[in-house]
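Annotation comment: Swiss-Prot describes 1-38, 89-141, 203-274, 325-380 as topological domain 'Cytoplasmic', evidence class sequence analysis. Sequence annotations record features per position, and here Swiss-Prot assigns topological domain 'Extracellular' to 60-67, 163-181, 296-303. Look at Swiss-Prot and you will find 39-59, 68-88, 142-162, 182-202, 275-295, 304-324, 381-401 tagged as transmembrane segment, backed by sequence analysis.
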Amino acid sequence: MSFHRYRPRLPGGELAPMPWPVSLYRVLNHVAWPLEAESGRWTVFLDRLMIFLGFLVFCEHNEVDFHYLIANRQDMDNMLTGLPTYLILVEMQIRCFQLAWHKDRFRALLQRFYAEIYVSEEMEPHLFASIQRQMLATRVNSTVYLLALLNFFLVPVTNVIYHRREMLYKQVYPFDNTQLHFFIPLLVLNFWVGFIITSMLFGELNVMGELMMHLNARYIQLGQDLRRSAQMLLKKSSSLNVAIAYRLNLTHILRRNAALRDFGQRVEKEFTLRIFVMFAFSAGLLCALFFKAFTNPWGNVAYIVWFLAKFMELLALGMLGSILLKTTDELGMMYYTADWEQVIHQSDNVGENVKLMKLVTLAIQLNSRPFFITGLNYFRVSLTAVLKIIQGAFSYFTFLNSMR
């Protein structure tokens, strides 16, 4: 099945380079990653069948995780041991299978990204290097999430050493799951759920980051081209033609700007619900993780690593959102400082000067509002929103600690 999963290509037809977290996301997560557009009917049917079975597995895990919380509702410490895995399970079930429902739309977005937006290292080495620096936090976060998963996968090792039969996560089954014919398949399902959840966590973050930072680079490129066009025309064009040439260049730049904004809106449409769900669960998840890490650090190393991973994920996404917001906000000011007044001063064509001033006014109006990604229009993805979530999480922690 992995051979039929979509592999992005550049406009020339060659395979597009993908960062290692996205490549790993593609390999590990058959639920979220789309198939190739030309996949056969049986391949599509088998993929949908696997998604349906995966959904049932998530429902089963949801049930037994919740039973653990109910069984330990009188013991806050034990209940909070199982709460983080339950919260992340519910969050990922919503995000992952919502994406699975819209796989074709996601593939179309990736196709457009690599066809129109992607900044290659060969064409723009400086911009590409800047993107890699901006994405460094998401790469580190991917490594930390894998370390968090590894901590859970140490459970089978301790099972062998201490002759126990414990699941990877805190779960209560309505039957004796320690019987070998139940235990082994259930443990395998635990592993599968762990891979799907972890790959979704770092994979989607890196996909969003790539889309946002390459879009950001295109906006930077747009501003550079606008400034260069005025400088070149002032040096080369005659006083009669300079306004005409600049107006044509400005029209072309405005069309490029509209195309970039349209792509940004497509990104917003694709991710807005999943971002909302991510942020909605984050405060409670951070609170529970920090509580476990704070109350027993040496006994909850997995929770400490997981807390760091979640904390870094939110900060990385907020930082990328703030970068895009800042760039598009500055783009509105760019039209004020694009030397159009020098073009009008040099031009002797009064009619074209009037048309140019009207076009500049339109450009300023169109770019008066910066572009930003939101969570169902409730909040902007930015460091400000992330800091509010972190503040809320620590407020909940203070309350829980006082209850203890």
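For all residues, glycine too, the Cβ spot is worked out from N, Cα and C.
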May I have the DSSP-based helix, strand and coil counts for the residues of the topological domain 'Cytoplasmic' (89-141)?
44 helix, 0 strand, 9 coil
Contact set of the topological domain 'Extracellular' (60-67) with the rest of its chain, CB cutoff 8 A exclusive, min separation 6+ beyond the ends, reads 82, 85-86, 89-90, 93, 169-174, 189-190, 193
Same-chain residue ranges lying at least 6 outside the transmembrane segment (39-59) that approach it to Cβ under 8 Å:
1, 4, 30-31, 89, 92-93, 96-97, 100, 189, 192-193, 196
Could you tell me whether the transmembrane segment (142-162) and the transmembrane segment (275-295) have 3+ CB pairs under 8 A, leaving out pairs under 6 positions apart?
no
Restricting to the same chain and to residues at least six past its boundaries, which positions have a Cβ under 8 Å from a Cβ of the topological domain 'Cytoplasmic' (1-38)?
44, 46-47, 50-51, 54, 96-97, 99-100, 103-104, 106-107, 110-111, 113-115, 118, 120, 135, 138-139, 142, 195-196, 199-200, 202-207, 210
Mind checking which residues reach the topological domain 'Extracellular' (296-303)? Cβ under 8 Å, same chain, six or more beyond either end.
84, 148, 151-152, 289
Same-chain residues near the topological domain 'Extracellular' (163-181), Cβ under 8 Å, at least 6 residues beyond its ends:
61, 64-65, 67-68, 70-71, 78, 81-82, 85, 152-153, 155-156, 187, 190-191, 194
For the topological domain 'Cytoplasmic' (1-38), how many residues does DSSP put in helix, in strand and in coil?
12 helix, 4 strand, 22 coil
